Each structure stands twice: as structure tokens, then as C-alpha cells.
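Here's the structure we're looking at; comments come further down.
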Ligand code: PRP
Ligand code: URA
């Protein structure tokens, strides 16, 4: 069964609480989403493998540690996932970036696919799928299915807010995918929005409402 990591870092909790406020405008919302993504990236990469590497400092030779193992990729689910990409790349600048375009049909809440462009070697990479919101889980589950169909075997999912319904859906559909969650909220409302949530993440990041 997948591991579910709910972030307990005080900076992450403080920043999430800030962007929940309805009066926060797009400029601040967007930049703090980026900061949260960077902090979450730090937590979600704790178990990456290291190898010993011999280097020479200006003083002497030494054996230090560097990342080994699989190369990394970040795959945002469009649109709102875009808001997390720069924060991730600040921490893991060598990662390649793929894009999956999905929107949630407002009547059925089912995801509709409209774009998919991934690094050619993404099946050899450790892929971090990012989306600020895990509500019903339909979008993230569909995005991960698309990645698996392209042969990707090592996937982690990161979101800023999750509803228990979305976590359950991901655990059922993708028990092999570890979840990194900024804050776990109470439930979904009748429009399948997260409660208490922060509203529509894409609209708040891009100022479209
Ligand atoms: C939002 C959000 C997720 C999805 C979550 O995207 O960014 O992708 O809804 O809901 P789910 O778990 O029920 O699928 P939205 O469809 O609003 O598109 P956008 O990012 O373009 O605003
Ligand atoms: N998508 C969002 O942007 N917010 C929600 O609360 C649910 C889905």
C-alpha cells in the first residue's frame, strides 16, 4: 500500500493557512504556492539515493555524497499544477518537465484529457506528479494512468490540499504511488470542492475569476 505523507513542517502549514484566505490575490497566491512546492519537494525527496563521490576541495581530497539512482522528472497537471513547477525546479534543477492537460467537467466532475507531452525517457525517471488539489482524485488518478501507459514505473504524487475522498481513490487506483500532502482537509462539498479548502486553485493562481 502507498505511503501517505501529510506534511508537518511549520513553514508549510503557515503558508498553506495564508493562501486559504479568500482575500489573498493572485500575485501572493502564486508566489506562495511556489514556496510551498519547494518546501514540499524538500520533504518528498528525503529518501533519494546517494552515492559516494571523490572530489577535491581547495584544501584536500574527500569522499562526499551526491544523488545517484534514477534521474527525476516533474509532471504538472495543467493548469494549476504549473504553479508548483518553479518551486520544484528550484530544488531539483536538473529534472525534466512533462505536461499533462486535464480539466474537470463541471457537471460530472470527471477529468477530460486535452494535452500530454512527456520527456522521451520518462519511463526511466522517477516522476513527481504535481497538482495543488486532490479532490475526488479523478484528475490525478487519470494522469498517473496516462504515465503508466507510457511505461513510467516510479511515480510520486504531490498536492497542497487533499480531501479524504481523493486519498482513498488514489490508494485504490494506484497503491504503488506514494502521496505527499500539504494538508488533509475534511471533505468535499456538493460541487466536489475541498472543504474548507482554498477555492479553485487554477483560477486563484492565474487570476481567471
Ligand atoms: C483542479 C485541480 C485538479 C482537479 C482536482 O483542476 O487543479 O487538477 O481540479 O479535482 P479532482 O481531484 O476532483 O479531479 P481543474 O479541473 O479545475 O482545472 P484547472 O487546473 O485548469 O483550473
Ligand atoms: N479543484 C480546485 O481547484 N479546488 C477544489 O477544491 C477542488 C478541485
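Glycine too: its Cβ is placed from the backbone N, Cα and C atoms.
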According to TrEMBL, 79, 104, 131, 132, 133, 134, 135, 136, 137, 138, 139 bind 5-phospho-alpha-D-ribose 1-diphosphate; identify which of 8, 200 is listed for that same site.
200
Spatial neighbours of residue 201 (uracil binding site) that are distant in sequence (at least 6 apart) but have CB under 8 A
33, 80, 83, 132, 133, 160
Near residue 131 (5-phospho-alpha-D-ribose 1-diphosphate binding site), which residues of its own chain have a C-beta under 8 A away, given they sit six or more steps off in sequence?
76, 77, 80, 81, 84, 139, 140, 143, 157, 158, 159
Round to the nearest Å and give the CA-to-CA distance linking residue 194 (uracil binding site) with residue 79 (5-phospho-alpha-D-ribose 1-diphosphate binding site).
17
